[in-house]
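Participant: Reproduced below are the annotations present in TrEMBL:
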type     : residues : note
TRANSMEM : 20-49    : transmembrane segment
DOMAIN   : 24-508   : domain 'Major facilitator superfamily (MFS) profile'
TRANSMEM : 69-88    : transmembrane segment
TRANSMEM : 100-119  : transmembrane segment
TRANSMEM : 163-190  : transmembrane segment
TRANSMEM : 213-232  : transmembrane segment
TRANSMEM : 296-314  : transmembrane segment
TRANSMEM : 344-366  : transmembrane segment
TRANSMEM : 373-392  : transmembrane segment
TRANSMEM : 404-428  : transmembrane segment
TRANSMEM : 440-464  : transmembrane segment
TRANSMEM : 484-503  : transmembrane segment
REGION   : 512-537  : region 'Disordered'
COMPBIAS : 514-523  : compositional bias 'Acidic residues'
Amino acid sequence: MAREQLGVLNALDAAKTQWYHFTAIVIAGMGFFTDAYDLFCISLVTKLLGRIYYHVDGALKPGTLPPNVAAAVNGVALVGTLVGQLFFGWLGDKMGRKKVYGLTLILMVVCSIASGLSFGSSAKGVIATLCFFRFWLGFGIGGDYPLSATIMSEYANKKTRGAFIAAVFAMQGFGILGGGIVGLIVSATFDHAYKAPAYSVDAAASTVPQADYVWRIILMVGAIPAALTYYWRMKMPETARFTALVAKNAKQAVADMSKVLNIDLEAEEDKVIKISTDQTNSFGLFSREFMKRHGLHLLGTTTTWFLLDIAFYSQNLFQKDIFSAIGWIPKAANMNAIHEVYKIARAQTLIALCSTVPGYWFTVALIDIMGRFAIQLMGFFFMTVFMFALAIPYHHWTLEPNRIGFVIMYSLTFFFANFGPNATTFVVPAEIFPARLRSTCHGISAAAGKAGAIVGAFGFLYAAQSTDPTKTDAGYPPGIGVRYSLIMLGVINFFGMLFTLLVPESKGKSLEELTGENGDENDEKQIQMDPSRTVPI
């Protein structure tokens, strides 16, 4: 027999958009700004690290990071993020969202600064300490994924919940853009202050000693936005859904939300006791009951995020080809070390400005109108189309007259990743699982995504190498080539479309209606059995 939802949760679902919604978006969003800045700014400085620490006297080209070192520098933060998503996701359900939220931020601030202060006089010493601190930086970033998503979903009203969660995630776009802008400012300042010839003119003089400060400053700036929001994170009350449904403290939930909403609410302790003793709401993670109710949902959220991130993080396969082809980045030997950072930062800033940021905000604007399912399916569909459109006539796109078309197609794959599954895979796991397992399930889904990111960033880096051993990047064995790599990515995006069919539509429903935690067992069964409520037609 159905029971009414708790008054405090009903008040949150029905609340008009207020100032506290926007403050929650900013507080949670600045964490994601920092996450994206820290994860993506490393790509701005890897070339510089190669020039500084792996220079070979007499070489025709500037020094570059060996493949194993490049993989470590770029990938160690992704590994840390994966571990952090699992650990802090679980901890957020055990200790509460707020208690763990400050810990992740402190870790991010300390490790951002420590990454820039990586010590040692040898290449091995500097790279080893850099990798150590970037692992723990990633660990803190990983915690931000499930906690930010869960906090925002539990604070939001049901009418605009999708837009609010997507807005938090959209701050990633500004983080990538911010990284590019900081890179531009720092490199332009040093390039102007310390004039140096191109590598082809004077190899030794092309990398001035002060270049060592450039990469350190860029990495350390990531600590600033995180530090600025720490006080406000600590001022946020615990979410009412955790306090009432997990901690079973109705009085505290009402006290917290009465301040936030500026209304009087009733504690309803008897309802909390009934819900907490209801056997239908006490199953554990991976129990038979969980698998029956949410097994396919978890399979859907993990597989779609995994497949999406393979495609999303492998975009750097042809990024360097595009930038070089259209003249955004000249040949390395024709630049000095700091000017190369400037050129790379400019390219990243332009891509972020033209396709990455707009894609995120299209999702924010339309997710509560179109729904999560439609946007995710559409995104995977167009990513599939554009990958095949790039891959099948690949030789055509490499010809000089067609390179602008290649750039447009490349930008559109980014746009539809962000106005598509890159945003929705973050939103949906924060809505469809029970409160006591929400953060954990979001962490598992996000960790599957980071596993995909590792496959995409490194598996395809090797796969995309030319089949001709004389044309591979330094230190890499021959691969299957860019064309066949793009075909594989098109197939991966197609499978993303198929697995999207397992993900339920959550638009316009309360969190408790989606999970059955309001005690309405019949409604829960209907969600499971009615295809029109699981997969919109």
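Glycine residues also receive a Cβ, built from the backbone N, Cα and C atoms like all the rest.
Note that TrEMBL annotation is computational and uncurated.
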Participant: Counting only residues 6 or more past its boundaries, what in the same chain has a CB within less than 8 Å of a CB in the transmembrane segment (100-119)?
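Facilitator: For the transmembrane segment (100-119), the far contacts come to 31, 34-35, 38, 84, 88, 91-92, 125-127, 129-130, 133-134, 136-137, 139-141, 143-144, 147, 151, 215-220, 222-223, 226-227, 229-230, 233-234, 236.
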Participant: As a test: from 163-190, 296-314, 404-428, pick the stretch that has the greatest number of Cβ pairs under 8 Å with the transmembrane segment (484-503).
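Facilitator: It is 296-314, which has the most Cβ pairs under 8 Å.
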Participant: At least three Cβ pairs under 8 Å linking the transmembrane segment (344-366) and the transmembrane segment (163-190), pairs spaced 6 or more in sequence?
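Facilitator: Result for the transmembrane segment (344-366) with the transmembrane segment (163-190) is yes.
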Participant: Applying the under-8 angstroms CB criterion, which one of 69-88, 213-232, 296-314 scores highest with the transmembrane segment (404-428)?
Facilitator: 296-314
Participant: When you scan the chain for residues with a C-beta under 8 Å from the transmembrane segment (69-88), skipping those not six or more beyond its ends, what do you find?
Facilitator: 38-39, 42-43, 46, 49-50, 54, 100, 103-104, 127, 130-131, 134-147, 439, 443-444, 446-447, 450-451, 453-454, 457-458, 461
